[in-house]
Amino acid sequence: MVRVGLQISATLENIDKLETSHPDYPFFVKLTCSNCGEQSDKWHDITESERVQQDTRNTAGFNFFMKCKMCSRENSIDIVEKSNVPYTADDSGKLKTIVIFDCRGLEPVDFSPRSGWKVFSSENGQSFEDVDLSEDDWVEYDQKNNNSVGVYEFVSKFIKLKK
């Protein structure tokens, strides 16, 4: 079992908080089999609120289950409960772990942010739902505070964590 953290960094303009629509946010990732090294070509979604039952060893199921096409090993990933945290104005421009994955036989290697993010403007301004970060930048106008808000230079990476 390996714990892998998803870290993000972005420049926030007039934004207090950026977060996923947890627990229903689908994390789109590309994966590598830890056993044989086979890397998936397609994006897989992992959602904390969804459980799949594929294994008799774990009656609670998993957030994601996949059998490797190359070595046939059965692998799973769970999102660690209460690990999903917001990215705040204080974090702007710095890498921060926003969610932790409990990986068994698989490791995420690439992340696609897509839509489903929530943005909260500074000074009790407007909040925006279902924000799409697939272009790594997002800009909108906060009518409550009469200023522009934006997420710029969005980047992500995965890091292995100690237990």
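Cβ atoms here come from the backbone N, Cα and C positions, even for glycine.
Look at Swiss-Prot and you will find Cys33, Cys36, Cys68, Cys71 tagged as Zn(2+) binding site.
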For Cys36 (Zn(2+) binding site): DSSP state (helix, strand, coil): coil
Among Cys33, Cys36, which are binding-site residues, the residue with the most C-beta atoms within 10 angstroms of its C-beta: Cys33
Cys71 (Zn(2+) binding site) - helix vs strand vs coil (DSSP): coil
Fewest-neighbour residue among binding-site residues, criterion Cβ within 10 Å, set Cys68, Cys71: Cys71
8 Å Cβ shell about Cys33, Cys36, Cys68, Cys71 centroid, Zn(2+) site members excluded: Ser34, Asn35, Gly37, Glu38, Lys69, Met70, Ser72, Arg73, Asn75, Gly105
